Amino acid sequence: MADTKKNDNYAIDMDKLDAESDRFRPPPQPQPRHSSSSHSQSISNSPVLPILSYCASSILMTVTNKYVLSGVQFNLNFFLLCVQSVVCIIAIQTCKSMGLINYRDFNSDEAKKWFPISLLLIGMIYTGTKALKFLSIPVYTIFKNLTIILIAYGEVLWFGGSVTGMALFSFGLMVLSSVIAAWADIKHALDTSGFSGAEATSKISTLNAGYIWMLINCLCTSTYILGMRKRIKLTNFKDFDTMFYNNLLSIPILMIGSFIVEDWSSENINKNFPIETRNSLIFAMIFSGLSSVFISYTSAWCVRVTSSTTYSMVGALNKLPIALSGLIFFGDPVTVPSVSAIVVGFISGIVYSLAKVKQNAKPRTGVLPTTNPVSASTQSMRDGLKS
């Protein structure tokens, strides 16, 4: 402290001497102006633009997928995912050739190691599209929070992780918001059907299918993320390396799955792509593929300009506009229970993010269960995952 204080006083004295000696110096030479470049650099380093870009790309991705899947007759889910993967590969390869991004070239040994992760990714995205087809965007977003619980306890079992009391409280809020959302959905289905037998049964069965797909999606998502953590440790992949291998290895599987499972008759194609909306649907499919690239870029931009803590908070706050987008663009029912579920789910995300911040600051305070010390590499991998 004494040395620091001496240095501070010395700095102040030198500033005074410099100020007094300015009058004996010749006038400074005019410097060339770089107003435009400095202005653009200040904008790119401002935290506002990357945060807004990340939120916008997340909303666009969800809304475009819902727009494609909301068609009554749409059932080509494997084809949709294949188009998105192809668009993503073309986009990032173009960016790499232009020198905007960089990632590893294809390696067969790395592809073999990463192939199981690509299978899990296909399962995660496919079940997500099926759930989004049957459920509204707010309900889908709320139930997606349950994945956080599975990942947290998966870390406890596989990586020596821990769950704090505050995180446990946020998990309770997540479960509560999911129960409220399901109750609101079922109540609205019964009210709109007038409690008539056939129509009510049809709507309830549709919701039940959505809940089942959502449960499978939560399991696939948590398994994918936990498995990816272990594989990244082996391959040392970066963000764009992961994106490249995930999409490239997924394309042949999705193509085979689409040709084997899905109906490619002319009648079914006309049902999936009606003439009056065909162009807009194709554009939405391509745009959703580009949105995945935007999300990866803007998330990395957000972490670089701000911090991983700010990024995790933005991810929690972003659930609110995503849920509201369903109410705005798709006419999802606006009722007291549905809005309450959104609010509780939003609060649970905030509480969980704060719990992670406190846990990283004081990792041994109020931790459940008690864990043994872990290695630095394991701790860094744990901190790198921001659910």
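Glycine too: its Cβ is placed from the backbone N, Cα and C atoms.
Given the structure is predicted, the values throughout are model-derived calculations rather than measurements.
The compositional bias 'Low complexity' annotation in Swiss-Prot covers 32-45.
The compositional bias 'Polar residues' annotation in Swiss-Prot covers 368-381.
As annotated by Swiss-Prot, topological domain 'Cytoplasmic' applies to 1-42 (among others).
Annotation comment: Swiss-Prot describes 64-71 (among others) as topological domain 'Lumenal'. For the topological domain 'Lumenal' (64-71), the model gives a mean pLDDT of 79.
The topological domain 'Cytoplasmic' annotation in Swiss-Prot covers 93-112 (among others) and is backed by similarity to another entry. Through the fold, the topological domain 'Cytoplasmic' (93-112) approaches residues 235, 237-238, 240-241, 243-245, 248-249, 293, 297 of its own chain, all at least 6 residues removed from its boundaries and within a Cβ separation under 8 Å.
The topological domain 'Lumenal' feature in Swiss-Prot is assigned to 130-136 (among others).
Annotated topological domain 'Cytoplasmic' per Swiss-Prot: 154-162 (among others), in sequence order, evidence recorded as similarity to another entry.
According to Swiss-Prot, the feature topological domain 'Lumenal' maps to 185-206 (among others), an assignment based on similarity to another entry.
The annotation topological domain 'Cytoplasmic' is assigned in Swiss-Prot to 228-241 (among others).
Counting only same-chain residues 6+ beyond the ends of the topological domain 'Lumenal' (263-280), those with a CB under 8 A from a CB of the stretch are 71, 73-76. Under the heading topological domain 'Lumenal', Swiss-Prot lists 263-280 (among others), citing similarity to another entry as support.
The feature topological domain 'Cytoplasmic' is assigned by Swiss-Prot to 302-309 (among others), with similarity to another entry given as support.
Taken from Swiss-Prot, the feature topological domain 'Cytoplasmic' applies to 356-387 (among others).
Per Swiss-Prot, transmembrane segment is recorded for 43-63 (among others), and the stated evidence type is sequence analysis.
If you look up Swiss-Prot, you'll see 72-92 (among others) marked as transmembrane segment, on the strength of sequence analysis.
According to Swiss-Prot, the feature transmembrane segment maps to 113-129 (among others), an assignment based on sequence analysis.
Feature annotation from Swiss-Prot assigns transmembrane segment to 137-153 (among others). Long-range contacts of the transmembrane segment (137-153) within its own chain (CB-CB distance under 8 A, at least 6 residues past either end) are made by residues 62-63, 66, 131, 161, 163, 167, 171, 174-175, 177-178, 181-182, 185, 210-211, 214, 217-219, 221-222, 225-226, 319, 322-327, 330, 332, 338, 341-342, 345, 348-349, 352, 385, 387.
Same-chain residues lying 6+ beyond the ends of the transmembrane segment (333-355) with a Cβ under 8 Å from its Cβ atoms: 136, 138-139, 141-142, 145, 148, 164, 166-167, 169-171, 173-174, 176-178, 180-181, 183-185, 187-188, 312-313, 315-317, 319-320, 323-324, 327, 387. By the Cβ criterion (under 8 Å, sequence separation of 6 or more), the transmembrane segment (113-129) is not in contact with the transmembrane segment (281-301), since fewer than 3 such pairs are found. Per DSSP, the topological domain 'Lumenal' (64-71) is made up of 6 helix, 0 strand, 2 coil.
As a quick check, the transmembrane segment (72-92) and the transmembrane segment (207-227) miss the bar of 3 or more Cβ pairs under 8 A, pairs 6 or more apart, so the two do not touch.
Counting only same-chain residues 6+ beyond the ends of the transmembrane segment (242-262), those with a CB under 8 A from a CB of the stretch are 75-79, 81-82, 85-86, 88-89, 92, 103-104, 106, 110-111, 114-115, 117-119, 121-122, 228, 232, 292-293, 296.
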